[in-house]
Amino acid sequence: MKGTKMGRNKQAVNHRPTHDTEREFGGTLGAVCIPVFLPLTVLFLIGVSQSPEASVFQWPPKLPSTDQLWDPLAPMLLLGWIGLHALLYFMPFGKVSEGLALRDGTRLKYPINGFHSLCVSAVLLMVLLGLRAPLGFLFELLVPLAVSAIAVSFLFSIYLYVRSFLVPSHALALGGDTGNPLYDFFIGRELNPRIGNFDLKYFCELRPGLIGWVVINLGMLMKEVELRGSPSLSMILVNCFQLLYVADALWNEEAVLTTMDIVHDGFGFMLVFGDLAWVPFTYSLQASFLVVHPQTLSLLKAAVIVALNGVGYYIFRKSNSQKNQFRRDPTHPSVSGLETIATATGKRLLVSGWWGLVRHPNYLGDLLMALAWSLPCGFSHLLPYFYVIYFTILLIHREARDERQCKAKYGLAWDTYCRRVPYRIFPYIY
Ligand code: NDP
């Protein structure tokens, strides 16, 4: 068994995706176009969400004017925020966990204190609110903040690309060392870049951007209070749903250590921009939309939306926890009774329970929640549905990537699993 595994690893180490067809996200073309197109999309969407028409079909697309792009306060706030979270990373709270074994056999250690960082951030925000700090000003500052986050993403990715030439080859991501500088810059060369004990990828995954997202939401709520005296039910729902999602991610921070992002993907522009710019500034679009486009929501509709979010959250949490528990300890009573199939790697695959319903029950739950976040914004505009549309595309693409990796890892056993559980995300549909 060991020999087979080592053989597989050796093969993988030697395998560099040298052809564009083997590369992800459209290869070189994607690596050139995405870093131009996505930052412009962020600025466009913020502009649309704050405009009275809020039309995504406006042609030519309305981008913010140059004088709206810059405010010296924005980079100061952004860098201060990232610096604060870097300090909180070293707080001596929470446990220290080990990641999966790397190709050289070692395991990295990670502080599990993201939830503590969220709590400290919440206390600081409460203090600021108590001091009557104008948090609603984040609404005016959104575009300059997004511009700063985009600039930081580019500069940081250049740093990551350059430093990746100083590390040994076993520290590089398997798919990120193609020799094509544009693609490698985009997809990420180094797997786990660290400065001392500070893990740059792990830090960015769940902290400044994710917590920043709910802070922006709070800023939008405070803007509504400034404009209309009190927050609307729609705004409260959007804030609560998304806070629950972020708090859940940080409460279960350890689970990120086994995700594709940490285990497989290099740290380059794709993840940096996603973590620091895309997530906080596009996931908060519903809240910024509601500031300019207030909605009335009946209690009955609100109850239906809360129930939808609850069902989505239940499926999402239960399925993720089931798999994490199974991977950590397959003999645990909560998973030991489930039906599984053996694979040549020694690991087993669940074929009953949540993972017997569809091959990605966690994506199904996530998508139901995404829909629940859009519904409080009514049906008059498409923009608030941007997240659920984009997220469906992202998860379908992510599912295909994961499927390819699982097929490569588990071979025939994966085929058997696919026959036993034919649907990928939506039962009887897809
Ligand atoms: P998943 O948690 O879905 O993990 C996929 C891995 O699980 C596979 O590679 C395989 O790894 C293992 N696996 C697959 N099928 C089985 C099975 N039947 N039995 C046991 N193990 C199995 O990966 P993601 O990182 O994509 O998603 C994690 C969560 O994050 C999801 O809930 C997703 O919705 C969410 N997410 C949210 C995003 C956002 O922007 N809001 C973005 C991306 C993800 P192995 O066998 O090696 O353990």
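Cβ coordinates are placed from backbone N, Cα and C, and glycine is handled just like the others.
Listed in TrEMBL for this protein:
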- 1-20: region 'Disordered' (REGION)
- 25-49: transmembrane segment (TRANSMEM)
- 69-91: transmembrane segment (TRANSMEM)
- 112-131: transmembrane segment (TRANSMEM)
- 137-162: transmembrane segment (TRANSMEM)
- 230-247: transmembrane segment (TRANSMEM)
- 267-285: transmembrane segment (TRANSMEM)
- 297-316: transmembrane segment (TRANSMEM)
- 370-396: transmembrane segment (TRANSMEM)
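Residues 232-234, 237, 241, 244-245, 248, 354, 361-362, 364-373, 375-376, 378 of the same chain lie 6 or more positions beyond the ends of the transmembrane segment (297-316) yet place their CB under 8 Å from a CB of it.
Contact between the transmembrane segment (137-162) and the transmembrane segment (370-396) is absent: fewer than three CB pairs lie under 8 Å, with pairs separated by 6 or more positions in sequence. Proximity of the transmembrane segment (230-247) to the transmembrane segment (370-396) is established through 3 or more Cβ-Cβ distances under 8 Å for residue pairs spaced 6 or more apart. Sequence-remote contacts of a segment are chain residues at least 6 beyond its ends whose Cβ falls under 8 Å from one of its Cβ atoms, and for the transmembrane segment (267-285) they are 25, 34-35, 38-39, 41-42, 45-46, 49, 82, 142, 145-146, 149-150, 152-154, 156-157, 160-161, 173, 176, 184-193, 200-201, 204-205, 208-210, 212-213, 216-217, 220, 242, 261, 383-384, 386-387, 390.
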